[in-house]
2 protein chains.
Amino acid sequence: MSRTPAHDAPRRLHLNVNILHSGFVPSAWRLEHADPHAFVDVGHYVRVAQIAEAGKLDAVFLADNAAIVDQIDFRPITALEPTVLLASIAAGTTHIGVIGTASTSYNEPYNIARRFATLDHVSRGRAGWNVVTTADLASARNFGRDAVPDHAERYARAAEFTEVVKALWDSWEDDAFVGDKEGGRFVDVAKVHPVAHRGRYFSVQGPLNLPRSPQGYPVLVQAGGSADGRDLAARYAEAVFSASQSFEESAAYRRDLNTRAAAYGRHGGVKVLAGLTTIIGATEADALRRRDELVDRIPWRYSLNRLAGTLGIDADRLKLDAPLPEDLALPGGGNGNHTFFHATIAQARRHGYTVRELIRSLAGGTGHRVVVGTPEQVADDIEHWFNGGAADGFNLMPDALPDGLGDFVDGVVPILQKRGLFRTEYEGTTLREHFGLARPDNAQWWRKSA
Amino acid sequence: MSRTPAHDAPRRLHLNVNILHSGFVPSAWRLEHADPHAFVDVGHYVRVAQIAEAGKLDAVFLADNAAIVDQIDFRPITALEPTVLLASIAAGTTHIGVIGTASTSYNEPYNIARRFATLDHVSRGRAGWNVVTTADLASARNFGRDAVPDHAERYARAAEFTEVVKALWDSWEDDAFVGDKEGGRFVDVAKVHPVAHRGRYFSVQGPLNLPRSPQGYPVLVQAGGSADGRDLAARYAEAVFSASQSFEESAAYRRDLNTRAAAYGRHGGVKVLAGLTTIIGATEADALRRRDELVDRIPWRYSLNRLAGTLGIDADRLKLDAPLPEDLALPGGGNGNHTFFHATIAQARRHGYTVRELIRSLAGGTGHRVVVGTPEQVADDIEHWFNGGAADGFNLMPDALPDGLGDFVDGVVPILQKRGLFRTEYEGTTLREHFGLARPDNAQWWRKSA
């Protein structure tokens, strides 16, 4: 068994922080104490991770893109490559997990298996890989393609990619390394196995050129909202980052995901960590003031373009004081970002928002839920979602970094701890231990082929 | 001008350390104080780098392979991925450069441009990229190929790959980043340029999704000994790692390389850093004893297999007490490692060695020069090569790590400093400054296409 069944232990709340450079709100870099250079400053990322570690959070999370996919005239973007940056972060911390995004669309499985296994070695067991496919045209054009591979193709490749990576991670038996100085035997080569994979997308002979990593292999994370994305998550993911606007949606998503996982023989439960942007104030009025101050500094042109991009329409179809157009369809025949497309529309429809109200409620982002309030109110929200089964935890996206995370760690974490919802000390040193996941045994696929 | 002409300043000696896991000699992991796990222990690499930094060395260097290409039953291998490991090393040091190897054969230029630019950002200007092609079958089979692409093909791809990477590194003008909080302008998008490359191997639209890095771009390093390799180095490399067994060979190589570079309009001189394994003792007898102790712990079967691999022949054609066979030809119709093939044969022929004597003189390695002696003798050798124009410096490969490097830093460096050959303090904080290279201006290729 590679996983502690849910009924063996009380459920634990898990909290990651998504270090979105200067913060979730596109104008965060314009705040008085913000450093506009933060998005390429390793010191900024390490400081944020240290604050998260002081708050006993499970992990830091880094998103990724392989192109400029936002409007850089107005705001910072995901720039630094996650695995290299996470190695820096790991060096500046001791316990917190380090989860990085890497695309299966424009990488090779051998390279990804190696880089994340290396990250697991250098962090001494704190690595996670967020498996994504890449749907934007700008990225496709950076890798020799004039069009985005279609949705089904991307996910078929992602599944085979993940299979190969997992096989490579298991290509050394746990006791293959001997290190017998006297006898002169370094590795027992009978315990290092070729993968010999020949598939539709990849041919990979293996074995990997490094031993199994401290966690067995890095924690597998996924973030897809489409049917194909959920299926991929159900097959492989140990944790999922979701974007649901309502408690009911999120609870339904979690049930669906776990039903799908059980169909693959995975009964331990996939941890659903819901995206959550927090805007915190000492009073609710302070929090709302902070929200308005941040949103007011986002140019409308930016917000309209971004919303139009999510919805796959021209920006001039959006009128600030009218509702969203009725005839919205997922961009590019299924090639848009399912998660954000549906979550954004759901938010607008549920509240009957105009475009202006929608943009304000999304705090300039798209799709992710925003909670504005006091530390107590934020803690109540988290408790409600967690205890009600809408989420196993949250992928926090503070409005601005580092101060938005500081407010969370100083204000919200102690309340969650007092209520017995969140750890007061790390109980282990690996990400698997934080997530309550056992170190997986060798898959032993080589026995089948022997 | 992107380079300080050689006649403006006195020549400076440059010293890197190649952190070959437990050390250059295959039995280094078996020494009394060695930790066999060192090859996957980040702490080991950081400690070695800190010793190198205490010795004011220019850089640490990491080789790489994308397969198991040595006999792991007998010895450690290159395992951890260099860019991730170098980020860890950069976090544990402040001045020393961090140079990593990455292959143009099994990567995408956009990914490599991004990873090394990220490494330059997180190290605050200390990154270098060692550009290699990959010639072994085991690696090919990890990336969907049943055969190694032929030599000319590999180098044609490498040249186009490097062009694209350089173009991406220059796709942001130095002042493209604005960061004007008041005006709300983050980046001047008119100063961020698509690459729009369409070539034989790659189509890459660009621009890169991060600003120019502290050094403008990472230092370009190359290590090819073949005609194609020298040509690639002459076009792009700012420093070259060479493997020459004799002073005359190395001097001729350096002249040839600089003649080739001049033909490409590059007149500043490419820095030739010769591979140098050191085995140091308080007396010459101590050093020889250490050499013998190390070599005696290498199984003959290992050494014979390895030598046979370099020469591209069956191991049973090698007789320990006979000279090398006469009829040796570069393996696989030009697909072997030119550098090591020729350097190994040159070593055997010059001294009239038997196979046993050759293996001893190579200290279990292949092709790289080994100097055995007191700190004074090692310093004399270095001074002779440097002053005589056979090298601009050395890529040190201590017999065993960390202690072989400790002996070099404690024993040899002070002598070189006393003789005025080597820095006593870092004069800058970037690798370019250590190497005496100016920060390159933007290439401004976008003006041509405008």
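From the backbone N, Cα and C atoms, a Cβ is placed for every residue, glycine too.
For the FMN site, TrEMBL records B:Asp64, B:Thr101, B:His151, B:Tyr155, and the single candidate of B:Ser213, B:Ser226, B:Ser242 listed with them is B:Ser226. In the three-state DSSP classification, B:His151 (FMN binding site) falls within a helix.
Note on the domain 'Luciferase-like' (B:38-390): its mean pLDDT in the predicted model is 94. Using a 10 Å Cβ-Cβ cutoff, B:Tyr155 (FMN binding site) registers 20 neighbours.
Here B:Asp64 (FMN binding site) comes close to B:Thr78, B:Glu81, B:Pro82, B:Gly100, B:Thr101, B:Ala102, B:Ser103, B:Val132: these same-chain residues lie at least six apart in sequence, with C-beta atoms under 8 angstroms from its C-beta. Neighbour density for B:Ser226 (FMN binding site): within 10 A of its CB lie 21 other CB atoms from the protein chains shown.
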